[in-house]
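Asks: Got a structure for you, questions after.
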Amino acid sequence: MIQLLVGGITDRDQRKKASSAALSHAAEDPTLTAYLLSAGADVNSGWPLRLACRHGCEEVVRLLLAAGADPNGSDSDDGGQQGPPLSEVPGNLYLIRLLVEAGADVNGFRVMWQAAQLGSVPVLMLLVDAGANVNVEQTSGYALNGTTTGRPSEPLIEASGRGHVGAVRFLLAAGIDLDYVLEDGKTKGEQALEAACYSRREAVALLLMDAGVIKSPKTQVSPGMREGQPWLFTKAMGYAVTHGALAVMTRFLESGSVNPNGLTRDNLSGFTIDSRCFLVEAAERGHAEAVALLLDHGAQVEGVGGTIPLHSAASHGHVGVILALLDRGADVMARSSDEGKTALHFAASANLAYNLHFEDATTHRGDAIQLLLARGAEVDARSNDGLTPLQVAAREGVLGATQVLLEAGADFNVRDEEGWTPAHRAAWNKHREVVVALMMVGVSLDLETNDGLTVTDLLGAKDEDGSSADNSDSGSSSGDDW
């Protein structure tokens with residue numbers, strides 16, 4: 001069809017214009033490409049070579065190069081942001097050789113980055129053998145036409161984040177400068193290590209550490225930072241803690257390049273960074289071995305920054321972590337700074353149901369509560385707002401926790417400041433199974449609050465719009481989690 005349309009144009013200039021416009025649409029058709037070139041198509045108009053490279057059509061690439069296509073050209077309409085043809089063929093050794101032999105710039109924008117993204121060592125070797133410099137700024141994509149592109153186009157970081165061990169090893173051997181400082185003030189090596197830890201690429205992280213990334217940090221510290229404070233690798237360490245990457249954590253801790261407590265207000269002065277207490281993160285994720293490792297290297301068992309590790313573990317039902325923390329001296333009655341809750345309050349709350357499958361939740365919660373009680377937790381401890389763990393469990397509709405606490409002797413007639421018992425809170429939120437469990441141990445439905453409301457009244461209460469007052473003060477989306 002294109003041949004008929006172009007062939008029907010008698011005006012020479014118009015035929016050339018039409019042929020040039022159609023050339024980019026022939027990237028996978030050698031016959032049509034040859035015809036359009038013979039009709040006078042401008043081989044450097046639009047992006048025919050780049051598209052042919054992208055589609056891997058070797059014959060079309062040969063035809064275009066033979067007709068004078070610029071191997072470094074890019075479409076003028078896109079500002080060159082798509083990169084040259086060589087960046088479109090990261091895995092095709094034959095096409096790369098064709099382009100290099102035609103004069104393609106191996107140090108062009110995104111060329112090395114694309115090869116690193118693919119993790120192709122043969123392609124990286126070919127480019128370096130052809131003169132690619134792994135350390136020049138444009139090779140790494142730091143700048144293009146005056147526009148800084150920064151980290152996203154850095155090959156070592158890309159290969160590290162994708163876990164390409166071979167590519168990372170090759171770049172290191174090729175002499176990539178780990179100490180080159182990027183826009184955000186961190187070095188290339190530091191950013192690569194952070195990317196590897198974030199993506200759970202433990203083998204790459206260890207390889208970078210072996211290459212010396214953590215031996216002598218080059219990043220400039222803020223003037224407000226305390227002298228000698230290890231902070232550069234806190235984010236990378238945080239990722240390792242999140243994934244429970246013990247080998248990487250061990251290397252960080254033994255090198256002294258991180259504070260075992262993490263980067264928090266307690267060990268910072270005049271510097272702000274998004275980070276958490278490592279022990280809290282490990283406890284929340286249920287990494288008992290990571291918790292032990294941090295404690296072995298000096299982490300404070302009560303945590304830093306406000307959140308208590310034992311509370312995080314209890315909230316998620318991580319029995320192994322709870323045991324590890326208690327065995328290392330954690331205070332089973334430690335209270336949260338904001339609400340005065342104990343670990344037992346957190347274990348009794350509805351939070352656990354959102355972090356475990358239904359079939360696992362009851363077992364984990366019951367075991368956590370029983371362990372805390374066995375280690376000295378007060379079953380009727382009150383928070384700042386006067387609530388006991390049983391009141392929390394009843395209010396939030398946590399049947400399993402309610403039953404375990406009742407078996408442990410929790411006071412089922414305990415009242416808050418408004419005279420509400422656990423049964424009143426459960427009734428108000430329509431947690432009928434919890435109300436039944438409380439009735440079975442002797443709770444009366446005729447108990448009255450300070451305002452004279454009975455459990456029966458609250459079970460039948462309606463909102464102003466006439467609907468049931470379901471979960472109005474619980475923060476829980478369902479009373480049937482158990």
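Backbone N, Cα and C atoms are what each Cβ position is placed from, and that goes for glycine too.
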Asks: Looking at 69-91, 460-482, which one does TrEMBL call region 'Disordered'?
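Replies: Range annotated as region 'Disordered' by TrEMBL: 460-482.
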Asks: On the DSSP side of things, how many residues of the repeat 'ANK' (305-337) fall into helix, strand and coil, could you say?
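Replies: Going through the repeat 'ANK' (305-337) residue by residue, I get 16 helix, 0 strand, 17 coil.
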Asks: Can you give me the average pLDDT across the repeat 'ANK' (339-384), rounded to a whole number?
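Replies: That stretch averages a pLDDT of 82.
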